[in-house]
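Noted in Swiss-Prot for the protein shown:
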{"type": "TRANSMEM", "residues": "10-29", "note": "transmembrane segment"}
{"type": "TRANSMEM", "residues": "36-58", "note": "transmembrane segment"}
{"type": "TRANSMEM", "residues": "112-131", "note": "transmembrane segment"}
{"type": "TRANSMEM", "residues": "188-210", "note": "transmembrane segment"}
{"type": "TRANSMEM", "residues": "241-260", "note": "transmembrane segment"}
{"type": "TRANSMEM", "residues": "273-295", "note": "transmembrane segment"}
Amino acid sequence: MEYIKPHKGFSTLIILGITLGIDLIFSLLSTFINTYIVLRILEIFIVFFNIYQLYYILKSLTLKYCYDNENFYVLWCFGIRRVTIPFKEIEAYNVSHGEIKGVKLWGYGRNFFALGTFSVNDIGIVNMFVTATKNVIYIKCNSSIYGISPEKCDEVKNFLEKRKLVLKNWTYEKRNKVSLSKDRHFDILIFLISIVILMVTIIPFILYLRGVMPHKMPLSFDSNFKPMIYGTSREFAFKHMMYGAYNMIIFFCIYYSAYFYARYSKKLAYRLMYISFLVAFIFLIFQFKIYVTYIH
């Protein structure tokens with residue numbers, strides 16, 4: 001197994017700086033926010049944000065390349081995560097220098113580094129493992145394209161050429177519009193999100209119509225879940241119906257965004273739908289906490 005050292009740029013420092021900056025902004029904002037549901041959503045966002053950031057910091061720090069007689073490997077997270085690229089599936093390779101010309105679909109960087117999924121001009125949809133954009137090698141396979149940034153670019157070019165792989169440009173054929181209507185994974189996500197939003201919207205009305213709620217119900221809470229404003233059970237039901245409406249708006253926006261991203265990658269479309277599910281689920285948990293506390 002031969003190892004190739006990636007060109008280490010400033011990717012780790014940039015991601016770490018963004019992480020600390022966003023965490024600082026959140027800490028400052030949290031001192032001024034006194035609304036329970038808003039603060040809980042922000043707290044959950046910052047938890048997932050820091051997990052996301054930590055993943056890319058580890059990816060940047062631990063990324064390395066290697067190869068044997070059969071495959072080229074991209075390793076990160078201490079070898080726990082890897083991509084295997086069989087040489088027999090490689091069709092060609094290309095080289096670029098400097099800023100990535102294209103659109104970031106998911107991940108980090110563009111100017112100085114690129115980690116994640118990018119739509120690169122004249123190349124295609126690329127899985128980027130690039131810690132510095134000084135020298136980027138694009139490896140085109142049967143069904144995927146990968147971007148790497150070796151410290152010694154000529155070394156990689158030489159062993160690719162020894163395997164009779166040529167340096168050439170290729171035509172990027174844009175994908176046709178992707179239909180998600182028959183995608184089982186996508187359909188399950190839509191079903192789950194719809195059920196959660198329906199529960200957020202309908203359950204308060206059912207409880208109100210059945211007379212289960214007390215006449216006086218809290219309408220808003222401070223950051224410690226202490227009621228700030230009280231109203232009638234009818235006002236409570238209508239207020240939470242509006243929460244359901246807000247979630248429907250978020251869902252439809254994300255739904256159409258998912259169709260756009262599906263042209264590049266279905267995985268990106270799924271991730272967007274999970275965001276909608278998470279937001280709706282937070283509102284549902286918030287409601288159940290109110291029911292448990294104030295309905296006896």
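Even glycines carry a Cβ here, placed using N, Cα and C.
Contact between the transmembrane segment (36-58) and the transmembrane segment (273-295) holds: at least three of their C-beta pairs are under 8 Å, each pair 6 or more apart in sequence.
Counting Cβ pairs under 8 Å that are 6 or more residues apart, the transmembrane segment (273-295) and the transmembrane segment (188-210) reach 3 or more and are in contact.
Away from its own ends, the transmembrane segment (112-131) comes close to residues 6-11, 14, 56, 59-60, 63, 65, 74, 76, 83, 94, 100-106, 138, 140, 144-149, 169-170, 172-173, 264-265, 268 of its chain (Cβ-Cβ under 8 Å, at least six residues beyond either end).
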